[in-house]
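J.: Copying in the features that Swiss-Prot gives for the protein in this structure:
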type	residues	note
ACT_SITE	Glu99	active site, proton donor/acceptor
BINDING	78-82, Arg183, Ser191, Arg195, Tyr238, 285-294, Lys300	3'-phosphoadenylyl sulfate binding site
DISULFID	Cys96-Cys156	disulfide bond
DISULFID	Cys225-Cys233	disulfide bond
CARBOHYD	Asn343	N-linked glycosylation site
CARBOHYD	Asn368	N-linked glycosylation site
SITE	Lys158	site 'Transition state stabilizer'
SITE	Ser285	site 'Transition state stabilizer'
TOPO_DOM	1-8	topological domain 'Cytoplasmic'
TOPO_DOM	26-377	topological domain 'Lumenal'
TRANSMEM	9-25	transmembrane segment
Amino acid sequence: MRLSMRRALLAAGLALALVLAVHLGQRVLECQAVLGGPRGPRRTMRPEQEDLMMVGADHVEYRYGKAMPLIFVGGVPRSGTTLMRAMLDAHPEVRCGEETRIIPRVLAMRQAWSKSGREKLRLDEAGVTDEVLDAAMQAFILEVIAKHGEPARVLCNKDPFTLKSSVYLSRLFPNSKFLLMVRDGRASVHSMITRKVTIAGFDLSSYRDCLTKWNKAIEVMYAQCMEVGRDKCLPVYYEQLVLHPRRSLKVILDFLGIAWSDAVLHHEDLIGKPGGVSLSKIERSTDQVIKPVNLEALSKWTGHIPGDVLRDMAQIAPMLARLGYDPYANPPNYGNPDPIVINNTHRVLKGDYKTPANLKGYFQVNLNSTSSHLGSS
């Protein structure tokens, strides 16, 4: 099993390297043509004006470029990123779609090239400057986001670990906005462990280790969010989104500059429908977001974390207190839910919501296997 997984990762890495090589090769040739050859006089390149054009099923033409207001949704896995993107997908003007998985990998590679002084020197010597790399990254990311789903007026990407690169992405796409999903780390970690959601570097046999890694990841993402600025990055608390969906979504849509639609409150009604919410058959959150917003998962972690970890919680995960959570509250008081959420929860517990026909036969396989969310450390 390990060998086949390594081979799969190696194959994915080689494929990714090939795609990037093609993009970079094109950019280098363009640069050399504009700059007068590989050793010609250096001049500032003209900014590209080319847009990506797509035609929707309604025969409407959509044009996408680096100046468009992209939306990036991210956070530590198991923090409500799938729920958030499903709600946005329910909006008639927005399309997020499933995780691409490839965008955070590409961003991690770009970061690695920048951190290595020797590698950067080699790239610069070869004419693969930061300008060339950034143009290639911009084109590649936009192409993946635009073409992995149906076109829409507003495009959104949900890959949890992309928000470790918010500052860089805001440079590539200056009008983009970011939604950082924040959830009580104890709940996120309990969900990872019980649902066996493997994440690079997280030891799923240890609450202490996972909480330490959660703290490190959310610290990086939160710092990036603050650096980008409150006008471009909005922390969204999962608990408040669940308890008060209408109030929270009004704030979110106002922040994004998108008109209100009641459809965002009923994402479960639009699953699998044209122009609605497309769900992956293999993502671990799919079996949860087919249901309406409910309280089922809010405090499931209470009573499961070892006593020694609870005792040291403030030291293990100092970001809990920084984000406004009481590290010693067990169970915590997140607030009182809206009546609609209470009603939804009663209906979910009664079993009113069934798996859509197009998704049946996959969840049991998923729950008995592992799923990797790879993030740069």
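Keep in mind that glycine also has a Cβ here, set from the backbone N, Cα and C atoms.
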J.: At the Cα level, what's the spacing in Å between Cys233 (disulfide bond) and Gln288 (3'-phosphoadenylyl sulfate binding site), rounded?
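T.: Given the Cα positions, Cys233 (disulfide bond) is 26 Å from Gln288 (3'-phosphoadenylyl sulfate binding site).
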J.: Just checking, which of Arg78, Lys158, Lys291 (recorded positions) has the fewest C-beta atoms within 10 Å of its C-beta?
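T.: Comparing Cβ neighbours within 10 Å for the recorded positions Arg78, Lys158, Lys291, Lys291 has the fewest.
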J.: Given the binding-site residues Thr81, Lys291, Asn294, find the one whose Cα is closest in space to the Cα of Cys225 (disulfide bond).
T.: Thr81
J.: Return the residues near Asn343 (N-linked glycosylation site) by Cβ distance under 8 Å, restricted to its own chain and a separation of at least 6 in sequence.
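T.: Once residues fewer than 6 apart are set aside, Asn343 (N-linked glycosylation site) is near nothing.
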J.: Let me know the model's mean pLDDT on the topological domain 'Lumenal' (26-377).
T.: 88
J.: Take the C-alpha atoms of Asn294 (3'-phosphoadenylyl sulfate binding site) and Lys158 (site 'Transition state stabilizer') and report the distance between them in angstrom, rounded.
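T.: One finds 21 Å between the Cα atoms of these residues.
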J.: Could you give the Cα-Cα distance between Gln288 (3'-phosphoadenylyl sulfate binding site) and Cys96 (disulfide bond), in whole Å?
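T.: Distance (Cα to Cα, whole Å): 18 Å.
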J.: DSSP secondary structure for Cys96 (disulfide bond), reduced to helix/strand/coil, please.
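T.: In three-state terms, Cys96 (disulfide bond) counts as coil.
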J.: Between the Cα atoms of Thr81 (3'-phosphoadenylyl sulfate binding site) and Cys96 (disulfide bond), what distance do you get, rounded to the nearest Å?
T.: 11
